[in-house]
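Enquirer: Per TrEMBL, domain 'Amidase' is recorded for A:25-468. Residues or ranges marked as active site, charge relay system in TrEMBL: A:LYS80, A:SER155. Per TrEMBL, active site, acyl-ester intermediate is recorded for A:SER179.
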Amino acid sequence: MSALHELTLSDAATLLRQRQISSVELTRAFLERIEALDGRIRAFTLVTADLALQQAQEADQRLQRGEQVTPLTGIPLAIKDVICTKDIPTTCSSRMLEHFRPPFNATVMERLQAAGAVMLGKTNMDEFAMGSSTEHSAFFPTHNPWDLERTPGGSSGGSAAAVAAGMAPGALGSDTGGSIRQPAALCNVVGLKPTYGRVSRFGLVAFASSLDQIGPFARTARDAALLLQAIAGPDPRDSTCSATPVPDYTAELTGEIRGLRIGVPVEYWEAPGMDPGVARVGQEAVNRLRELGAEIREVSLPHTRYGVAAYYIIAPAEASANLARYDGVKYGYSYRDTSDMWEALDKTRQYGFGPEVKRRIMLGTYVLSAGYYDAYYKQAQKVRALIAQDFERAFEQCDVLVSPASPTVAFKLGEKLSDPYQMYLNDVFTIPANLAGICGISIPSGFSEGLPVGLQILGNAFAEATILRVADAFQRVTDYHTQRPAL
Amino acid sequence: MIDRETVLHIAQLARLGLSDEEVELFRQQLSSILEHMAILREADVSGVSPLAHASRLTNVMREDEPGPSYPPEVLLANAPDQEEQCLKVNAVLEES
């Protein structure tokens, strides 16, 4: 048997059910791994070791009794620090929420707990999920396990790095413009952004409410399917959460993709800024899918070039409204050295928010302000409609669409910090799916210059089973996802 | 191009205090970012309705059923300041 921290979630679940290992042993193995490595990687903002061992003991009792055992019973997981955990700090990697302890659990946490999962800790992120490198954490940057000088991507960089380094077999993140898929790509793990409305957002600290979605990280498509199964489905506390039935995702992992129509969106592959090494790896991945019997066809998403601009108007606009709640009155950081209400408000927000959050509040407030609303915000919403129509037409001709998840491999820490728009351009292939509300997954697909390249597979709304089937079929004939960084 | 006055106006709308350095930084950065946004003007949006969300849902209704809420001390546990089970804030109206 391989070392416990090298097990996939599915294999660990099998060994737990067979009582060959205990959840306490498994949890200890990951806690030891975190202890050994996280000083260098810094994926976690908080490690909840005592709680984890307590939950592991309870899971072992469940496994022993053979009652209410699910594939996640006894499985340790890492949780992005944007997801509310009752009485446990939920900081969004912001000074504003540094000491915030939510009085409730997010719905996804309730579901994981009901399934018997174990929480290892909370993971680092770009502040309030705004960023593509995890460098905008107010606490510290996370390092990419494949090269500690480079970023893990973002904003869910902590969750991606934790799984990549074997510090957790799975994790949850959130994806507003690529914040699951891009770090998954840059860290050589699987990251799935579900359809808007597939997973409840109750208890997800809001960034851009028409775009945010919670999703899983794992090493394999099968593991991601198990995690999605546990968290998907309607929730009376989130009215945007859909009643569309949740299929049995692992039952759909047949390995069979013969005749499946796979679209290759030309605008993605020919995008300016696409690294030739990344494109080459992506092309080889497409060839593998063809060899598996899929029908590859070129397809056009003509409004792709407007995606980044539309997104960086709509997301900051929504963020500026959502973040208005941080006023230093109800919870969070509060500037106290004045008796003047307005000064307290201004300074609470001046000292509580970091630079990228302030930049987006300013940008969002500007595009919503009188005189600019029509030119920027309304125009962006119209372009959003065009981008959604592009996908509707494409999915009439194709079952899924594939491209690299990110135009480059992991970049150096500090490399893009001084030019915000260069950082934003990193999201060029992931943003359109959020604007259209469809689902997407990034899977390990090879290496360029020794660094991971992720293949993004986009599916129509509620077609998670299809993209997982393609991802699983690819992983059955490749071993990129089994390769580990030297640590 | 965004000038200094616009930055200060926007910051005031957002109730966001900024240092002098931040005012200058955001003046430059917002100008540069908005230049990139100009590309949106090239899109032909004639006859296109704005899309506010992609949830495919309209008018989600449910029964209005009363349920237990949180005790005040739980909700006030994160409050920066409180008094008699209320949030304590600076005076809004000053005595003249």
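Positions of Cβ are set from backbone N, Cα and C atoms, glycine also.
Any TrEMBL annotation is an automated prediction that lacks curation.
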Enquirer: Can you tell me the CA-to-CA distance separating A:SER155 (active site, charge relay system) and A:SER179 (active site, acyl-ester intermediate), as a whole number of Å?
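Expert: A:SER155 (active site, charge relay system) to A:SER179 (active site, acyl-ester intermediate), Cα-Cα distance: 5 Å.
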Enquirer: Could you give the Cα-Cα distance between A:LYS80 (active site, charge relay system) and A:SER179 (active site, acyl-ester intermediate), in whole Å?
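Expert: With distance taken Cα to Cα, A:SER179 (active site, acyl-ester intermediate) is 11 Å from A:LYS80 (active site, charge relay system).
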Enquirer: Find the average pLDDT over the domain 'Amidase' (A:25-468) in the predicted model and report it.
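Expert: Over the domain 'Amidase' (A:25-468), the predicted model scores a mean pLDDT of 97.
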Enquirer: Could you find out if DSSP has A:LYS80 (active site, charge relay system) as helix, strand or coil?
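Expert: DSSP call for A:LYS80 (active site, charge relay system): strand.
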Enquirer: Does anything in the same chain, at least 6 positions from the residue listed as 'active site, acyl-ester intermediate', have a Cβ under 8 Å from its Cβ, and if so what?
Expert: A:MET125, A:ASP126, A:ALA129, A:SER132, A:GLY154, A:SER155, A:SER156, A:GLY173
Enquirer: Quick check on the active-site residues A:LYS80, A:SER155: which one has the highest count of other Cβ atoms within 10 Å of its Cβ?
Expert: A:SER155
